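This report refers to the structure that appears directly beneath it.
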């Protein structure tokens with residue numbers, strides 16, 4: 001590879017047998033900086049720039065905490081704050097419901113047991129009344145009229161006997 005000038009641009013890349021570009025195996029395309037070879041005191045050697053974020057105390061603490069959590073097997077949760085709050089509320093509600101159930105299953109007093117029995121009896125009576133009303137609604141009208149006639153007949157017979 002030559003340029004308009006007489007001097008080759010990349011002499012180490014040129015092969016004397018092949019006028020084209022060829023790279024020997026294991027060689028880099030970029031040249032090594034020459035200031036590393038000599039111990040020249042006149043040159044200013046480049047230094048790595050300091051990252052102010054990595055040097056901050058907060059960053060170091062956070063990094064240390066993340067490393068400790070990773071060693072323990074506690075991966076950081078990448079959940080939004082709102083989702084965390086909602087999950088916390090749901091957990092608290094479940095715990096509260098469980099406590100109420102446990103309190104309800106504790107030993108009940110005699111008064112509570114009697115009240116529960118009476119409540120169950122009242123509910124059964126209400127259900128029976130509802131069934132009777134439904135049966136009466138579903139019965140044909142002529143059956144209702146017949147039962148009304150029997151009642152009126154019995155009432156009139158009872159009045160005649162008393163007088």
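Note: Cβ is positioned from N, Cα and C throughout, glycine not excepted.
If one looks beyond the compositional bias 'Basic and acidic residues' (152-163) by at least 6 residues along the same chain, no residue has a Cβ coming under 8 Å of a Cβ in the stretch. The annotation compositional bias 'Basic and acidic residues' is assigned in TrEMBL to 152-163.
Annotation source TrEMBL lists region 'Disordered' at 1-27 (among others).
According to TrEMBL, the region 'Disordered' annotation covers 129-163 (among others).
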DSSP-wise, what's the residue breakdown of the region 'Disordered' (129-163) into helix, strand and coil?
32 helix, 0 strand, 3 coil
